[in-house]
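Here the structure comes first, spelled out in structure tokens, and everything after it is commentary.
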Amino acid sequence: MAVAALALLALLPQALGQHNSSYVDYNVEANPDLFPQCLDTISLSFPDCQSGPLSKNLVCDSTASPYDRAAALVSLFTLEELIANTGNTSPGVPRLGLPPYQVWSEALHGLARANFTDNGAYSWATSFPSPILSAAAFNRTLINQIASIISTQGRAFNNAGRFGLDVYSPNINTFRHPVWGRGQETPGEDAYTLTAAYAYEYITGIQGGVNPEHLKLAATAKHFAGYDIENWDNHSRLGNDVNITQQDLAEYYTPQFLVAARDAHVHSFMCSYNAVNGVPSCSNTFFLQTLLRDTFSFVDHGYVSGDCGAVYGVFNPHGYAANEPSAAADAILAGTDIDCGTSYQYHFNESITTGAVARDDIERGFIRLYANLVELGYFDGNSSSSNPYRSLGWPDVQKTDAWNISYEAAVEGIVLLKNDGTLPLASPSEGKNKSIALIGPWANATTQLQGNYYGDAPYLISPVDAFTAAGYTVHYAPGTEISTNSTANFSAALSAARAADTIVFLGGIDNTIEAEAQDRSSIAWPGNQLELISQLAAQKSDDQPLVVYQMGGGQVDSSALKSNAKVNALLWGGYPGQSGGLALRDILTGARAPAGRLTTTQYPAAYAESFSALDMNLRPNETTQNPGQTYMWYTGEPVYAFGHGLFYTTFNASSAQAAKTKYTFNITDLTSAAHPDTTTVGQRTLFNFTASITNSGQRDSDYTALVYANTSTAGPSPYPNKWLVGFDRLAAVAKEGGTAELNVPVAVDRLARVDEAGNTVLFPGRYEVALNNEREVVVEVELVGEQVVLLKWPEEVQGVAGDE
């Protein structure tokens, strides 16, 4: 028997111990019981294409196509060897000199699941802010820089055998409902414009471009599709079967995945745990073949990985398959190429014996994975002449970390929610605010700064460390914890506040209550944090500033702080990464000026209690008491709106476009014109939204611009409140009259809407295109003529995925 098969047999008792007759109730339990080897971070090495057993095989011929090279490799496998390598932890084929490989690496906001050393070289990698904070900068270049640095560090670790060549990132699900525990991993609640832009910049940064000569790392767009709940009300993500209309699928739950495939050319997708409309995502031919490959133009030989344990989930808890061999067969035939788990490795033999699958079905998925590894230079030796990324090493990790982009991302993303003029604080060197009370469960945070999916960082700078280093006399007292109701430490916090010139409370939420497999039950401030803030506000003197930092990925209802005149300023700081303390400090002191904007809506606490978080319908519905979801459809009054963010200065916007009566475009002319620079006619620029932005205040500052569209005449009713069509960030607009020119292209398809059948349609009618929530500049646009379908939504038919 092949060595690879023997290696897997050694693990069989553990695997069977998992999958026995006393099944875990995964309709409630949200963590899959993965066997230890699935979680392994193995030492990686490269095939020897110079003198090893594969050296004469086509896989080692760099002039052949990636597909032909991968197919030639797979043709050498016995059936047992092929099946043994279909999981994320692949034992390789020792007789062929093919080393073990681990598909599962993470790079959400830095390297995770890397083989870090205890100290010295390869003992850390840069820990960036969580995506929800970086996205709040509304800076596409920044996201690309972050991803590029992550991929450089990933390749350096890979060359040392400490990290894989493909990563299970980015998470581009939308932060639809505020209780979601993994919203921190995403860019926010807007799908096509914000999340799609984030996906494009992150993926092209990770992969080294759109169509790079040398693929840097292979990114994975996850989780496809309709995944945005962990365990709300004891409904496990592993067993959720969500109902989504074709209209909402096309309009909200998949457009960012379309951009990832069609435009960014992502090399991998991950299918999700949940089922949609009765079909588990990893056995959903409509998702994995009809949409991804036939409609979204997923790259040739791009591969699909199941989320870890999701193939098993087709059987338990979904019950879509009668047993685990049938689940494995359903998934591979639908288009799930690699199983992050063990179902393929342990049950394909039975699936083949029963005739449910053939060797060709299994080969198809494995060839796709290894065609990617070919493109990544896995078989091309150690020479940098064959692949420039093979020369990267520890000095490149140190060099890219020294660029300080983690700090930059944090300061650019922090959002100023409220300010009565107290901020920025005067510095100790000016003879004011020499002492500061840092109070709250985030005041001395270190590991908390990283959020989830983090690796070892070079350093973690807490707020206490940062203010101490700046020369402040720091009075630190936690006062309370994230979720406690104990007031035992209130008195120490109140004493610290009385001893200081300035009070800063740092609290909110963290990964103890929002995390993978853990949703929140409420979006109110947890525990007794608001009570402590109220007491701090009540005792402070009128000339003593009280500033509150609301931390964490999800929003909490801060209406009590918004209305309390004694709370002088309120900011949102997310999970700010390794330099978080410095970023939080520098925003308060004015060393840097805030220009971030919320990428989610801050709802009143009652919102999360008024309807089911499993209601995936975006549009308001009186019957279900759904008040509408996201800024596009919410019918209530938010505490702070999507896109809200204040500055330390005053900006004025003016535009010659706004003086124009109206732009009129003929739909037939628009959709029949040549578009040599874009993949589709819908991606053509309709017009450029322009404005002059003048800083009339007293501080230099970046300016963030969000451009929205709205209509009350075009397309089907109901009509959304508005939707984002573009954004930009203007850097360092000079104070006292400095001016910068804003130019945001608005594509044809940004004015399109989605009909009930899921088709993306350009409808005739009148539209307004406006700058920011304040509508500082408004341009009127009219589309005339007959409506035109820009993207036809395919009919859902479940079947077997075809060959390429």
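Every residue, even glycine, has its Cβ placed from backbone N, Cα and C.
The shown structure was predicted, so the numbers you read here are calculated from the model rather than taken from an experiment.
According to Swiss-Prot, the signal peptide annotation covers 1-17, on the basis of sequence analysis.
Proximity of Asn139 (N-linked glycosylation site) to non-local residues of its own chain (separation of 6 or more, Cβ distance below 8 Å) is seen for Glu412, Arg729, given in sequence order. What Swiss-Prot lists as N-linked glycosylation site is Asn139 (among others).
According to DSSP, Asn234 (N-linked glycosylation site) sits within a helical segment. The annotation N-linked glycosylation site is assigned in Swiss-Prot to Asn234 (among others).
According to Swiss-Prot, the N-linked glycosylation site annotation covers Asn243 (among others). Around the Cβ of Asn243 (N-linked glycosylation site), 14 further Cβ atoms fall within 10 Å across all displayed protein chains.
Annotated active site per Swiss-Prot: Asp307, in sequence order. Non-local neighbourhood of Asp307 (active site): Lys222, His223, Met270, Cys271, Ser272, Tyr273, Cys282, Cys340, each in the same chain, at least six residues away, with C-beta under 8 Å from its C-beta.
Long-range Cβ neighbours of Asn349 (N-linked glycosylation site) (same chain, at least 6 residues apart, Cβ-Cβ under 8 Å): Ile83. Swiss-Prot lists Asn349 (among others) with the feature N-linked glycosylation site.
Feature annotation from Swiss-Prot assigns N-linked glycosylation site to Asn382 (among others); the stated evidence is sequence analysis. Of all Cβ atoms in the shown protein chains, 13 besides its own fall within 10 Å of the Cβ of Asn382 (N-linked glycosylation site).
Asn433 (N-linked glycosylation site) carries neither a helix nor a strand DSSP state and counts as coil. Cβ-based neighbour count (10 Å, all protein chains) for Asn433 (N-linked glycosylation site) stands at 19. Per Swiss-Prot, N-linked glycosylation site is recorded for Asn433 (among others).
When secondary structure is read from DSSP and collapsed to three states, Asn444 (N-linked glycosylation site) falls in the coil class. The N-linked glycosylation site annotation in Swiss-Prot covers Asn444 (among others).
Look at Swiss-Prot and you will find Asn489 (among others) tagged as N-linked glycosylation site, backed by sequence analysis. According to its DSSP assignment, Asn489 (N-linked glycosylation site) is coil.
Look at Swiss-Prot and you will find Asn621 (among others) tagged as N-linked glycosylation site. Annotation note: Asn621 (N-linked glycosylation site) sits in a strand segment as assigned by DSSP.
Secondary structure from DSSP puts Asn652 (N-linked glycosylation site) in a beta strand. Shown in sequence order, Ile693, Thr694, Ser696, Glu776 are the residues of the chain, 6+ apart in sequence, with a C-beta less than 8 angstroms from the C-beta of Asn652 (N-linked glycosylation site). Look at Swiss-Prot and you will find Asn652 (among others) tagged as N-linked glycosylation site.
For Asn666 (N-linked glycosylation site), the same-chain residues that are 6 or more apart in sequence and have a Cβ closer than 8 Å to its Cβ are Leu783, Val784, Gly785. What Swiss-Prot records for Asn666 (among others) is N-linked glycosylation site.
Sequence-distant neighbours of Asn688 (N-linked glycosylation site) (same chain, 6+ apart, CB under 8 A from its CB) are Asn743, Val744, Pro745, Val746. Among the features that Swiss-Prot reports, N-linked glycosylation site is placed at Asn688 (among others).
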For Asn433 (N-linked glycosylation site), the one of Asn243, Asn382, Asn444, Asn489, Asn621 that lies nearest, given that the glycosylation sites are compared by Cα:
Asn444
If you draw a 10 Å sphere on the Cβ of Asn621 (N-linked glycosylation site), how many other Cβ atoms land inside?
13
Looking at the glycosylation sites Asn234, Asn243, Asn444, Asn489, Asn621, which has the shortest Cα distance to Asn382 (N-linked glycosylation site)?
Asn444
Quick one, of the glycosylation sites Asn234, Asn444, Asn489, which Cβ has the fewest other Cβ within 10 Å?
Asn234
Do me a favour and check the Cα-Cα span between Asn243 (N-linked glycosylation site) and Asn489 (N-linked glycosylation site); whole Å is fine.
47
Rounded inter-Cα distance in Å - Asn234 (N-linked glycosylation site), Asn489 (N-linked glycosylation site):
33
C-alpha spacing of Asn621 (N-linked glycosylation site) relative to Asn489 (N-linked glycosylation site), in angstrom:
45
